[in-house]
Amino acid sequence: MGVVFSWTGFAIALALGLLIGAERERRKGGGGSAVAGIRTFALVALLGAISASFGVAMLLLALAALATLLAIAYARDTDSDRGLTTEVSLLLCLVLGALATRQPTLAAALAVAVTILLAAREPMHHFVRGVLTADELNNLLVLAAATLLILPLLPDRQLGPFDAINPRALWLIVILIMSIGAAAHALLRIVGSRIGLPLAGLLSGFVSSLATIGVMGAKARELPAWRGAAIAAAVLSTVATFVQMAAVLAVTDVATLRALAVPLICGGAAAAIYGALWTWKGLRLHSADPVQGSVVFSVKASLLLGLTIAVVLLVSAAMRVWLGGRGLAIAVGIAGLADTHAPAVSVATLAAAGRIETAATAVPILIALTSNTMSKAVVAWVSGQREYARPVLAGLAVVLAATWLGWWLG
């Protein structure tokens, strides 16, 4: 079995060397002065596999020898514009050849990734130099720092008054807000503001409708010409709330979903129609898409929205402590300030367990939806100017009224 494994590793090492070498050979073209081509890469990969078979010391010796040869070749090369891509690829090819004797699947996958990276030179250079702006790059670096540097340092436990705030969870919300802004900006660059913002709002609503409304308020404040599209995006994000509500109820208790089918359909339809009207209005009013003045996201606005959500969580926790467990409606109403799906699942779980009647589930869930809509209204007012907040508040009121009307008719 060991011999078979060894031969398999050698075969994969040879194959990955040929794969990476083929890309380098094509890049080299007809010139004979390049450092390495397909044969050199295949031989280096085999060298790595054979060296690894003799132990770590032999592998390190082979790696040092290859690095020395490449350094000499690079020093003797008179072309000042040549980079180090091929040299680094050769060293990596040797390491991948060694890895193929121990973990052939991983080595093969990494070789494919390396080849794709090497082959995508022109598109990547064009994207970084011709498409990506300096402000976009800076914003993406801020997002990366917030995710990779700050997030791991934050405690993952409840802190503060009433144990209301989880710093890690709250910072995740801030990252989510910045990510939604980045996604919206990408759609703006691709399809324009009139369609890109409503589409971004609809899709981002499946992540967080509350955060999406805040992001769109910042967009509307940034450039008033986008206000109509931002309003459409904010209201369309609530469509996702109803779709997700139906999905979680279907998984938790189908009977509860049936009891809420008419209200959910009415509310979702109202949100879709209101958002479509504002999308159409934006298409009529603006023939140009002023995308060039846009920023990916506003760090200040993201932090302000995070602070607003923290206040909502604090108020929710305080009310829960002060009011206590005085009934299901109060409990889900307080919980709905922060999230509408968790209280809905809680009520549906009680119904599935037979602790409450299915007919009694609609009102508590709609109360949670109402309190969550109030949180969205607060975020809309804080994030955007009056010209943005008023139509969004009107849309939220229409959606909420349609939902309760559906309950009354049902």
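Keep in mind that glycine also has a Cβ here, set from the backbone N, Cα and C atoms.
Here TrEMBL flags 11-126 as domain 'MgtC/SapB/SrpB/YhiD N-terminal'.
Here TrEMBL flags 175-384 as domain 'DUF4010'. Per-residue pLDDT, averaged along the domain 'DUF4010' (175-384), amounts to 78 for this model.
Annotated transmembrane segment per TrEMBL: 6-22 (among others), in sequence order.
Within its own chain, the transmembrane segment (56-76) is flanked in space by residues 35, 44, 47-48, 84, 87, 90-91, 94-95, 98, which lie at least six positions past its ends and keep a Cβ under 8 Å from the stretch. Positions annotated as transmembrane segment by TrEMBL: 56-76 (among others).
Residues or ranges marked as transmembrane segment by TrEMBL: 88-120 (among others). When Cβ-Cβ distances below 8 Å are used as the criterion, the transmembrane segment (88-120) is approached by residues 5-6, 8-10, 12-13, 15-17, 19-24, 27, 35-36, 40-41, 44-49, 51-53, 59, 62-63, 66-67, 70 of the same chain, each at least six residues removed from its ends.
For the transmembrane segment (140-157), same-chain residues at least 6 beyond its ends with a Cβ under 8 Å from one of its own Cβ atoms are 166-169, 171-172, 174-175, 178-179, 182, 296-297, 299. For 140-157 (among others), the entry in TrEMBL reads transmembrane segment.
Annotated transmembrane segment per TrEMBL: 169-191 (among others), in sequence order.
TrEMBL lists 197-218 (among others) with the feature transmembrane segment. Sequence-distant contacts of the transmembrane segment (197-218) (same chain, at least 6 residues past either end, Cβ-Cβ under 8 Å): 173, 176-177, 179-181, 183-184, 187-188, 191, 226, 229-241, 243-244, 275, 278-279, 282, 297-298, 301-302, 305, 308-309, 372, 375-376, 379-380, 382-384, 388-389, 392.
Outside the transmembrane segment (230-251), and at least 6 residues removed from its termini, the chain residues within Cβ reach (under 8 Å) are 184, 197-206, 209, 212-213, 216-217, 219-220, 257, 260-261, 264, 267-268, 271-272, 274-279, 281-282, 340-341, 344-345, 348, 365, 369, 372, 376, 380, 384, 388, 391-392, 395-396, 399. What TrEMBL records for 230-251 (among others) is transmembrane segment.
If you look up TrEMBL, you'll see 257-280 (among others) marked as transmembrane segment. Listed as Cβ neighbours of the transmembrane segment (257-280) (distance under 8 Å, sequence separation of 6 or more from its ends, same chain) are residues 194-195, 198, 201-202, 228-229, 231-233, 235-236, 238-239, 242-243, 245-246, 249-250, 348, 358-359, 361-362, 365-366, 369, 391, 395, 398-407, 409-410.
According to TrEMBL, the transmembrane segment annotation covers 301-322 (among others).
The transmembrane segment annotation in TrEMBL covers 328-352 (among others).
The list of residues near the transmembrane segment (359-382) in space but at least 6 beyond its ends in sequence, with Cβ under 8 angstroms from a Cβ of it, reads 209-210, 213-214, 217, 234, 238, 241, 245, 253, 256, 259-260, 263, 267, 304-305, 308-309, 312, 328-329, 332-340, 343-344, 347-348, 350-351, 388-389, 392-393, 396, 399-400, 403-404, 407, 410. The transmembrane segment annotation in TrEMBL covers 359-382 (among others).
Remote same-chain residues near the transmembrane segment (388-409) are listed as 213, 216-217, 220-221, 227, 230-231, 234-235, 238, 260, 262-267, 269-271, 274-275, 278, 362-363, 366, 369-370, 373, 376-377, 380-381 (criterion: CB distance under 8 Å, separation of at least six residues from the stretch ends). Per TrEMBL, transmembrane segment is recorded for 388-409 (among others).
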